[in-house]
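The next block holds one structure in the form of structure tokens; read it before the comments.
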Amino acid sequence: MSRRVLGPFNRVEGDLELSLDTEDGVVSAARVNSPLYRGFEQILEGKAPADAMVIVPRICGICSVSQSVAAATALADAMGVTPPPNGARATNLMLATENLADHLTHFYLFFMPDFARDAYAGAPWFASAEARFKAIRGAAAADVLPARAQFMHLLGTLAGKWPHTLSVQPGGSARAVSATERVRMVSLIRSFRAWLERHLFGDALEAISGIGSEAALWAWLDAKGPERGDFARFLAIARNLRLDRLGRCEGGERYLSHGNYVFEGERLFARGVWDGASASLLDFAHEDVTEDVSHAWMAGEGACHPLSGFTQPDIARESGYSWCKAPRWRGEVVQCGALSRQVVDAHPLARDLVAAGGGNVFSRVVGRLLEIARVVPEMERWALAIEPGERFCTEAGVPDSAQGVGLIEAARGALGHWVVIRKGRIQRYQIIAPTTWNFSPRDGRGTPGALEQALVGTPACESDEMPLAVQHVVRSFDPCMVCTVH
Amino acid sequence: MNVLWLQSGGCGGCTMSLLCAESPDVLATLEGGGVSLLWHPSLSEASGPEVVAILESCIAGTTPLDVLCVEGALLRGPHGSGRFHVLAGTGRAMIDWVRALAARARHTVAVGTCAAFGGVTAAGCNPTDACGLQYDGNAAGGLLGAGYRSASGLPVINVAGCPTHPGWVLETLLALALDGIAAVDLDALGRPRFYADQLVHHGCSRNEFYEFKASAEKASDLGCMMEHMGCKGTQAHADCNVRPWNGAGSCTSGGYPCISCTEPGFEEPGHPFFETPKVGGIPIGLPTDMPKAWFVALAALSKSATPKRVRTNATADHPVVTPVIRKTGFK
Ligand code: SF4
Ligand code: SF4
């Protein structure tokens, strides 16, 4: 056995270090470390509750609206306030814009450039991948950056700026949309759809979201071949490299989704935990969540529910190897992200992929792109339904003593905020981010987190300093380390 | 011109903001300006030991380091060890890497308020002992010390903002690549004057409400947010209401107050962000160049002269009274 430490990882958000044990050219054990700590939960203590709306988005510049929506939901829960319909539509539009832009950034700038590396020079698809996806120089970056920036004009209108808006509020949105702005937003969404259909999918969004099985997916690819668009290029590479056999987390065949895009009490995407072993959907309740500090550089013992948990760094802790705590659901490892959302929401393609090969590098990427195809038409519906002149925000005060829970979905998966307010101030604030679930260290029972398990069995020959297969597995989760450790 | 970009104790938001650059996009702008990225954590191909080799060759002087960009606060804790942020795979604290690289850089640029002054990472009890490259909040010093000068003779260029606007970063880099930036081009806090010699208040769509002290009272109201909602637009140095964000936006047009994110110490204003601290009903944070007595007199006068349209619309989320149509009489 040999052990080595890998880093810095690029094209993941934030800081990541892996410690890998390898035997016979494959990973036998992995430890995931996030070597950065900032302490937002400590920073929030003692603040006026509304100040959380300034502070929490700055946990993360890549999913800052998601952090805002989670905080607003937790505060709204504590305040007992519900946003008016326009406020909910505007919030959903902001969240969806950020989530989809994240998926796009991940696919084009973070994930695909690895297939344009010299190590793949002999592959049949290499010339096409290199021309299209090469880091910085590839043609795709030049196509996607202007399209993404224009799509973000939705946030210019609704959020004032991105990242770090304050228009997301517990009572709705601070930015009322006028009739002409509504029309303009619909046009931005339609132009984004046109870009996706031309460059990413080479097909109508509805044709993509209508693909109901893995067999149908391959038939769709074979109908026109890999040059029909970037999704097809990815599929061809995935088939050739058997990416469906890479990055499976066998001990974490549980897929968590908090459910997302709430409107009048209903969620567009369902909440629950899909249990892969029994192929059944289980209820999710936040009371079943704990965070364990036994392998984190954190003070405290064992596992706590977030409403009673606390965050106090302790670099001297001998068993610690990360700044990340270990969240568990009913004591078990779960994974989250776009694939989990689609599986929990019963999309037939996502369910079929997971039944065949579980969560793996291939199915995680398909899950993200499928979600883009499903959400854009919804965004158009929300924008069209906005009623200019009607209210966007409900005014409400913060009680002196209260607690609140905000469970939403960021691009990378389940995001939860738990707040306790005493004497009009934040007494306790705990956050579990998606990558905290996926990149968690071992827990008190010694069970490794989702990525730690997913890396086991990955080819990593000893002479290779940064094995590409390891990088694919890591990036298939689209990690956000700054969120993880906040 | 070689640019090396490192991220320390921040949120990555300044990079994400940079990706929103338009006409042309960020990569086209850099290429057109003759700027090449030695390494950027989000954009570059190189990973692991390849990256460490790039950093070491800059420190050795083998690769010329024209610009060192640092995004995120510098974390000195715990107890000065820097262990709250170790550069992955190296076992070495980021503050040590930054010190060694800054000693070689022709120019050192703090991208965003965290790297400039400490920013939100330094808020509250400042658990990580975060500071900026050359400032610790309002106090000169920071990681590199008040006396630090890069090889060009300039102090750290502080492209402050939380996040910083993509235009502020790109124009700074383009200026450095084209003809350099002189000491006179930076303000007293090291910020490029092209955007810092203005106030957020300039060009705010709520200026008419400000004139008449017709004030917003709650989130989503249209009125001026200075009197009750904590807006610092009359004191914050930035061109946010002249240079659009994401095609169309700004904080104040987005429905919320300017929290002066380009200023050192903005993260701890000493009052809740959405409240305006007042003494005797008069806001403490008056426009910097206005005597208090004048402000009080003018506010009283303008409030008594507020047109009904302005007063009514100030507390609504869309204009409910429209401007009167009146023949001017001119032919
Ligand atoms: S809202 Fe702020 S920036 Fe706008 S006019 Fe009022 S004080 Fe000035
Ligand atoms: S308006 Fe104020 S808070 Fe907003 S970005 Fe500009 S300086 Fe920062």
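Cβ coordinates are placed from backbone N, Cα and C, and glycine is handled just like the others.
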- Further binder of Mg(2+) named by TrEMBL next to A:Ile431, A:His486, taken from the candidates A:Glu41, A:Glu45, A:Glu98, A:Glu130: A:Glu41
- Note on the structure: CA pair A:Cys63 (Ni(2+) binding site) / A:His486 (Mg(2+) binding site), Å rounded to integer, equals 12
- Message: Going by Cβ pairs closer than 8 Å, show me which of the binding-site residues A:Glu41, A:Cys60, A:Cys63, A:Ile431 neighbour chain B.
- Response: A:Cys60
- Task: Please report the DSSP secondary structure of A:Glu41 (Mg(2+) binding site), reduced to three states.
- Result: helix
- Item | Cα-nearest neighbour of A:Cys60 (Ni(2+) binding site) within the listed binding-site residues, A:Glu41, A:Ile431, A:Cys483, A:His486 | A:Cys483
- A:Cys483 (Fe cation binding site), number of other Cβ atoms within 10 Å: 31
- Taking the centre of the Cβ atoms of A:Glu41, A:Ile431, A:His486 as the Mg(2+) site, the remaining residues of that chain with Cβ inside 8 Å are A:Phe40, A:Leu44, A:Ile59, A:Thr311, A:Tyr429, A:Gln430, A:Ala433
- Query: Which of A:Cys60, A:Cys63, A:Ile431, A:Cys480 has the fewest nearby Cβ atoms, counting only those within 10 Å, among these binding-site residues?
  - Reply: A:Ile431
